[in-house]
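Listed in Swiss-Prot for this protein:
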DOMAIN    186-292  domain 'Fe2OG dioxygenase'
BINDING   H214, D216, H272  Fe cation binding site
BINDING   R283  2-oxoglutarate binding site
Amino acid sequence: MPAATTSIFYLPDINIAPWLESPTSPSGQQVVDQVRKACTSTGFFQLTGHGLSQDVVEDIFAASAKFFALPKDVKQGLNFTKNLGFRGYELIGAQVYESDVLPDLKEGFLAGIDLPFEDMRVQNKRFFAGQNVWPPPDVLPYAEFREPVEKYYKSIMQLCFTVMDLVAATLPYGPDVFDEWKSHEPACPLRLLHYPPTPAHVAGKTRQLGSSAHTDFGALTLLLQDSHEGLEVLNHDTGDWVLVPPKPGAFVVNIADMMTMVTVGEYKSSKHRVINRNETEDRYSVVFFMDGNVDYKLRRLDKIGQPIGDDEDLLTVEDYMLGKRNSTYVK
């Protein structure tokens, strides 16, 4: 592995346009250096210059707001725990990451790659393998929800693969080091999230958060925030929570647990949380998780084929993700 970088709290804004235009140019290499520094410190950065249409971004936020405004019974009819592949509506309080706090004050909607029912991954109930579910079109027309979600999913998948290639460029293992991880219609959940206004008597307390403190489980995450603050990253050196301010058109990118595993801790997966401190307004975010090819084996990048830790057999993406999912959702 490359030599470890001294840990500092570094959460930069990075314009990747120079790298997209000319990866080997001095300005392109400067982007690579910035991303590497972010990956080895907090694992977080704000990404701009990505080229994803602002119309697509605005449409996904509008679609999300319309969905979460639906009657409770309509949303509960799409309960993700009753659908193959964990697709559909996630109830408020369905998840909690910490043992000493109340379940999270958020609701969600999950979608992904649509696989036909006959696909053996669906039949065998593999991780996140299934078909998307949608509100009835007479309740929420496809043009107002399904189509914007599907369009956004296609766009964000392409951007995610670009970011994976950029992260690969920060490592000494070649540009194709993550190709297998990205292959075979990877498990990449798209999660629309709604954080209701937080009552004044709750906003200053930590017993119930919008999203309790956690690290993400996959390879990396791409997050869109609306204009409302809420996302905070833990500074491990000081114990302080640092606000990640919303920036129009920017994606928050963060390294997740499996990337930390394969880089043997060099690339950091930092704890973060969400508190909607607004007492009157809703907060929305759109999260894309790059979990990857469910059969991909989580091997050290510098020692291909050797197990991580003391395991006799290498964990797969599916092994790791199922364990994490089962431990964070309220039974």
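We number each residue from 1, going along the chain as drawn.
Cβ atoms here come from the backbone N, Cα and C positions, even for glycine.
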Nearest-integer angstrom distance between the alpha carbons (Cα) of D216 (Fe cation binding site) and the residue listed as '2-oxoglutarate binding site': 20
Sparsest Cβ surroundings (other CB atoms within 10 Å) among the binding-site residues H214, R283: H214
8 Å Cβ shell about H214, D216, H272 centroid, Fe cation site members excluded: Y97, S211, A213, T215, T221, N254, A256, S269, S270, K271, R273
Under 8 Å by Cβ from H272 (Fe cation binding site), same chain, sequence gap 6 or more: F44, A213, H214, T215, L231, E232, V233, L234, V244, N254
Tally of residues which DSSP labels helix, strand or coil - the domain 'Fe2OG dioxygenase' (186-292): 10 helix, 41 strand, 56 coil
